[in-house]
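See structure below.
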Amino acid sequence: GGYVANSLAIMTDALHMLTDLSGIILTLLALWLSAKSPTKRFTFGFHRLEVLSAIISVLLVYILMAFLLYEAVQRTIHMDYEINGDIMLITAAVGVAVNLIMGFLLNQSGHLHSHSHSHPHSHVPQPSSANTAQGSSHGHSSLAVRAAFVHALGDLVQSIGVLVAAYIIRFKPEYKIADPICTYVFSILVVFTTIRILCDTGVIILEGVPRHLNVDRIKEDLMKIEDVYSIEDLNVWSLTAGKTTAIVHLQLVPGSSSKWEDVQSKARQLLLNTFGMYKCSVQLQSYKQEMSKTCASCQSSSA
């Protein structure tokens with residue numbers, strides 16, 4: 001519609017929709033990849049393909065946005081263009097209608113989800129952790145639907161902006177400068193929408209700690225486990241979004257090497273359940289008194 005009407009505003013709005021479509025495709029890709037088994041060559045599986053796809057999709061969006069911004073600057077300078085106000089108005093109206101329907105469906109889905117999975121308040125403890133995990137997953141799903149609803153509201157506001165610009169251009173063609181102005185505003189929205197994706201994928205590629213985890217807090221909780229003397233090493237990184245992995249090397253207090261199974265079980269439970277790790281590896285060793293650097297250098301010099 002934007003191409004036929006020669007409207008950059010509608011094309012930029014469509015570009016913003018393309019970023020949403022990319023997010024949906026990446027989510028489906030993540031679900032598909034999580035079902036594939038690791039191979040001898042890719043022992044971690046294929047989760048990082050989701051990260052590569054995200055980077056490629058964002059770069060393509062930026063290339064298209066740069067082209068639209070270039071055209072908007074040229075139109076602002078030369079003003080030698082014509083816009084079909086009728087087609088622009090119809091396309092913008094359809095966009096507003098679709099966003100209204102999408103927002104209504106997401107809002108109803110959120111209400112139905114919260115009602116269908118509401119649990120009665122009870123002081124009786126749950127017999128197993130499965131119910132707790134189920135309630136947690138329902139809560140996350142409800143949050144995801146609410147977040148999608150808020151995002152749909154943002155898209156609706158943008159579509160209304162395009163509709164207002166289309167109305168102005170249709171009945172006041174001399175104010176066609178509204179079209180490139182919308183392109184400038186919506187391009188900023190596209191950048192704000194995608195910049196977090198780039199930051200998150202950058203952290204994953206560089207094997208950084210996810211933003212929702214605190215390494216110092218993890219160390220503090222591990223040190224609270226009985227018979228743990230020290231933490232020799234702790235590495236935390238993400239295979240992909242939502243799949244965090246950890247390797248920890250613990251040293252046991254003197255004389256407690258026989259309790260290593262209990263310590264390992266508690267450490268794994270802490271990492272998997274409390275901090276939500278996807279995979280973890282806990283290495284243990286008995287207490288070894290480290291020789292000071294001064295003594296080590298003295299022995300090396302005397303030898």
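Cβ atoms are placed via backbone N, Cα and C, with glycine included.
As given in TrEMBL:
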COMPBIAS  113-122  compositional bias 'Basic residues'
DOMAIN    1-206  domain 'Cation efflux protein transmembrane'
DOMAIN    210-285  domain 'Cation efflux protein cytoplasmic'
REGION    113-138  region 'Disordered'
TRANSMEM  14-34  transmembrane segment
TRANSMEM  54-73  transmembrane segment
TRANSMEM  85-106  transmembrane segment
TRANSMEM  148-169  transmembrane segment
TRANSMEM  181-198  transmembrane segment
Region pair the transmembrane segment (14-34) / the transmembrane segment (85-106), three or more CB pairs under 8 Å: no
Leading contact stretch, 54-73, 85-106, 148-169 vs the transmembrane segment (181-198) - CB distance under 8 Å: 54-73
Average pLDDT across the domain 'Cation efflux protein cytoplasmic' (210-285), rounded to a whole number: 90
Secondary structure composition of the domain 'Cation efflux protein cytoplasmic' (210-285) [DSSP: H/G/I, E/B, coil]: 27 helix, 30 strand, 19 coil
Distal contacts, the transmembrane segment (148-169) - CB-CB under 8 A, six or more residues away: 7, 9-10, 13, 16-17, 20, 83, 85, 88-89, 91-93, 95-96, 98-100, 102-103, 106-107, 110, 175-176, 178-179, 181-182, 185-186, 189
